[in-house]
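Beneath this line is the structure, given in structure tokens, with notes to follow.
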Amino acid sequence: MELETLLQYKWGIMIPEFIILGVATILSLIDLFMPSEKDRRLLGWFAFAGVMVALISLVGLLPVEVTSILEDTFRLDSFAKAFKFILLAGAALVILLAMDYQPAEGIRYRGEFYYLFLTALLGAMMMASSGDLITLFVGLELLSISSYILVGLRKKHVRSNESAMKYVINGGISTAITLFGMSYVFGLTGTTNLKDIAGRLSAIIDMGQQYLLALALLMLFVGLSFKLASAPFHMWAPDVYQGAPTPVTAFLSVVSKTAGFVIVLRLMIYMFSGTPAEGTNSSSMLLSMQDYIAFLAGATMIIGNTIALKQRNVKRMLAYSSIAHAGYLLVGFVTMSMFIVDSIWFYLVAYLLMNLGAFAILQVMTDKSDSEDISQFAGLYHRSPLVAVAMGIFILSLAGIPGTAGFIGKVNIFLGAFVTEPAHYVLAAVMIATTVISYVYYFGILTQMFFRPAVEQTPMKLPLGVMIVVIFCAIGTIVFGIIPSIAYDFLNQFEHFGDFFS
Amino acid sequence: MNEMYFLSLLVFSPLLGIIALAFVPKTQEQMIKLIGFLATLPSLFFALLAFVQYLSGYDISSLQEKRSWIHFGKFTFLNKNTFTVDYELGIDGFALVMIVLTTILATFAAVASIHIKKEWKGYFMLFLLLEIGMLGVFAAENLVLFFIFFEITLIPMFFLIGKWGYFERERAAYSYLIYNGIGSAVLLLVILILLARTGTSNIALLKEIFNDPAAQAQMMAPISEDLRYGLLIALLVAFGVKLPIVPLHSWMLRVHVQAPPSIVMLHSGVLLKIGAFGLIRFGLGLFPEEFRNLATFIAILGVVNLLYGAFLAFIQNDFKMVLAYSSISHMGIVLIGLGALNEAGIQGAIFQVVSHGLISALLFFLVGVLYERVNTTMIDKLGGLAKAMPLTAGFLLAGAMASLGLPGMSGFVSEFTAFLGLFAVNPVIAAIGALGIIMTAVYLLRAVLTVTYGNANRDYAGVMDIRFIEALPVWLLVALIVLIGVYPNILAEPLQATLETIMNGLGG
């Protein structure tokens, strides 16, 4: 490639990514040359500011038409824009949490904390924008590898090490499966460009090749389910969530999961929605594989919600709850209705708010004692009524009670399930039944907070960063629950992602 | 009155009290109780105002409010109103009657809340939130809004039972949560299927669509005949949990026994009635044809409820349990009236809803008064109460008489009309059901007479009779019960229009 062509690209559409990359690089350099005894809090604010600037630059990019650069490997369409908002907002909040993270034994590698979050974020953003299997995979690996290190950041902590190990091994296996699936696609089409792939796949009418493609689809989905923390690759979540530093857990459950859904939507819809199956009988490979994915979604919801019932460790409980939510989100995906992207986007926003809020409070509650037992929450209402009310809001939203963002998110997913013909009654029934089951463990936390006497009487103080996160998330959860049209109006400017295929 | 905001004001005025309470220090017991009580008054005032105006011929439909709220997916290829859920409030005669009932009982329950012993601030905040939910349920014009208000009652109730209840309160709260959670879940499915398939959740619009084949052809996806039956049965289950219909009732017994009496007043007086309200408004309103085919089944369910409740009430030792089973039994009469599916039957059902709301609130108010003084509600530990607390004993007797259907009191009118309806359609089932009426007299008299005139098993020295501030709501409740008993038109008139609409839906 000549320099001239290189310069002709509209690099402007990559500004948010460049900002994140630049900040991450500068941070790593500063961290290297900074005396080790110096407080690294400032670096956190710098990272936070970087993410905020990237967010603002993304707002500036909103009116930009669909553009793709670097031979169609990087594309900025409305789908990428919409989901990058979630990724950036999630990362910003997580960095705030990381600044106030004070584990019992102290943390030596605070600088790494911030720039690894940024590189992971960069990977996720590349995934949102990629138009090619190669960039997509590189983004995925950048996210994964940064996450592996982050999980094991508490170097002297046994559980942290254990979970990092488990995360790497599981991640490795799932990546291999994903790649294997991609290799089938590459073998059948001879290209890695998504647009070309879609074009060539739609011409395949040979039953034998379609069989291979169906296999590839399933392998891709199974491999990617690692990032979603959904069945069959959900087993890592409880151990890793429990052992990882809390801000990292929050990151995995929100940003990493969002990235997972981004890539699933992008790959599956792009490559397989126009591919014929069963000769030429069925118009879409994706629709013909619907039942398999629906089964996985159902299994995810059931596994997540029923095993969560038995947990006394709140972090572990939230891990299973996170699996369950991945299942709900998959219902939004698998019904393939006209609400598919809208409902997943809204639910991810709601999930970001309620889950990060819950993790923020959990982090402060468990920092000091290093115990995550549910009894830590006993009598929180008497110690700090406002914190208890905020936690109550997050829990109610996770349970999907009206008046919160979680409810509207669920309603939209259900609408998607019922609007298609034939409607997905079974899947919807599983979702609603498991939601009722989830009341039991969610309300268990409420019972501890409001009904039980307090063990400790001292009021709980929230550090500044955590306080910002809690207030932001609580307000957001309520506002999106009562006036969801704010979010939907924002979403409407993308016109249902009509430029997805262009 | 300002018609634009009237209903919103009516529904959300308890919010003022919640905000005011937030600024009161939590140790100011008297202040908090006063604010809690005062905050129920604006709604009561608005409700009575609307009721009086309506009786003098005011057109209630002009109170309708509509503001755009949520729009799921603005698709260009769809009508711009498809998948919109607006903030729509509006009432008819039936809803108005229910709102009046709710506001009256809420005010009286606030009086009964003087017996609450701890954390008054949290209690009254949740209490007022509960009132908003109950009022909203009756004022909602679309199903999604109805559901949201319906769920708003769920959370405060969970806390009110679990924190301020008696010994096994947490278990009762969980039982309440899970049963009603399942009920709400089923209801949510019905609502969202309707919304997804028709594109609207407005009740009036849905009725129109169901009556108009041309409109059905334009739906997102068809609603088949089987699906309609499925939806109606799902509604029956969802509201059957709330009502409750045997065998979905076990949670309700726990709540009646474990929750504080002031909350049971609202629970038994209003919340259970939401089940009946929903069945009539949605089950009967949206699926009249299918409802007709299930009518006999519903009548049988009603008789089962009536007899099951009555027989079990007979062997209970806890007075609260007697009342709980009595509630089940009396809700059977609602089902019997609905099962008859003629004008008398439906009118009887609605009458029973209102009448039992007043009577059970009265009885549970007295239970609260009683427990406060003698610390038990066990029938074998009470007895001879008439000597120590003559007034209370008298009221108890009056409540029991109303409940067993003594002519001249509201219970008689409603039971009589409901059975009149069923005898016209299905005399055999009605005759079996009539046994329940006799049983009612037996178990109520057994319980109340033992408590008031039986052998005194304990020393009542120092036990005070009902105080003036407590007696006032009781007098008023008794007066209302008698008023409906002697002049049923006070209810029949406002309900006339609603009944006509229902009968039209049924095809005359």
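Our numbering is plain: 1 for the first residue shown, then up by one each step along the chain.
Cβ coordinates are placed from backbone N, Cα and C, and glycine is handled just like the others.
Feature annotation from TrEMBL assigns domain 'NADH:quinone oxidoreductase/Mrp antiporter transmembrane' to B:140-432.
With a cut-off of 8 Å between Cβ atoms, the residues of this chain six or more beyond the transmembrane segment (B:6-24) that come close are 31-32, 35-36, 38-40, 42-43, 46-47, 50, 63-65, 89-91, 99, 106, 121, 124-125, 128-129, 131-132, 135-136, 139. Taken from TrEMBL, the feature transmembrane segment applies to B:6-24 (among others).
Through the fold, the transmembrane segment (B:36-55) approaches residues 1, 6, 9-11, 13-14, 16-18, 20-21, 63, 91, 93, 96-97, 99-100, 102-104, 106-107, 110-111, 113, 120, 123-124, 127-128, 131, 135, 493-494 of its own chain, all at least 6 residues removed from its boundaries and within a Cβ separation under 8 Å. Summarising the annotation, TrEMBL assigns transmembrane segment to B:36-55 (among others).
For the transmembrane segment (B:94-116), the residues of the chain that approach it from at least six positions outside its boundaries are 10, 14, 33, 36-37, 39-41, 43-44, 46-48, 50-51, 54, 60, 123-124, 127, 131, 134-135, 138-139, 164, 260-263, 265-266, 269-270, 273, 277, 280-281, 350, 353-354, 357-358, 361, 364-365, 368, 371-372, 469-470, 472-473, 476-477, 480, 491, 494-495, 498, judged by C-beta separation under 8 angstroms. Positions annotated as transmembrane segment by TrEMBL: B:94-116 (among others).
Annotation source TrEMBL lists transmembrane segment at B:123-140 (among others). Same-chain neighbours of the transmembrane segment (B:123-140): 7, 10-12, 14-15, 17-18, 21-22, 32-33, 35-36, 39-40, 43, 88-91, 95, 98-99, 102-103, 106, 109-110, 113, 116, 146, 148-157, 159-160, 163-164, 262-263, 266, 270-271, 274, 277, counting only residues six or more beyond its ends whose CB sits under 8 Å from a CB of the stretch.
The transmembrane segment annotation in TrEMBL covers B:146-164 (among others).
Here TrEMBL flags B:176-196 (among others) as transmembrane segment. Sequence-distant neighbours of the transmembrane segment (B:176-196) (same chain, 6+ residues past either end, Cβ-Cβ under 8 Å): 83, 85, 143-144, 146-147, 150-151, 154, 157-158, 161, 206, 220-221, 223, 227, 231, 234-235, 237-242, 248, 250-251, 254-255, 278, 286.
Feature annotation from TrEMBL assigns transmembrane segment to B:229-251 (among others).
Packing against the transmembrane segment (B:263-282) from elsewhere in the chain are residues 94-95, 98, 101-102, 105-106, 108-109, 112, 127, 130-131, 134, 137-138, 143, 146, 150, 153, 157, 160-161, 164-165, 187, 203, 235-236, 238-244, 252, 255-256, 320, 323, 327, 331, 334, 338, 346, 349-350, 353, 356-358, 360-361, 364-365, 367-368, 502: each is 6 or more residues past its ends and has a CB under 8 Å from a CB in it. Under the heading transmembrane segment, TrEMBL lists B:263-282 (among others).
What TrEMBL lists as transmembrane segment is B:353-371 (among others).
Taken from TrEMBL, the feature transmembrane segment covers B:391-413 (among others).
Under the heading transmembrane segment, TrEMBL lists B:419-445 (among others).
If you look up TrEMBL, you'll see B:466-487 (among others) marked as transmembrane segment.
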- Query: Considering pairs 6 or more residues apart, do the transmembrane segment (B:419-445) and the transmembrane segment (B:466-487) have at least three CB pairs under 8 Å?
  - Reply: no
- Note on the structure: Here the stretch out of B:146-164, B:391-413, B:466-487 with the most C-beta pairs under 8 Å to the transmembrane segment (B:353-371) is B:391-413
- Query: Against which stretches of its own chain does the transmembrane segment (B:146-164) lie, if we need a Cβ under 8 Å and a gap of at least six residues from its ends?
  - Reply: 116, 118-119, 122-123, 126-127, 129-130, 132-137, 140, 170, 172-174, 176-177, 180-181, 184, 187-188, 191, 255, 258-260, 263, 267, 271, 274, 278
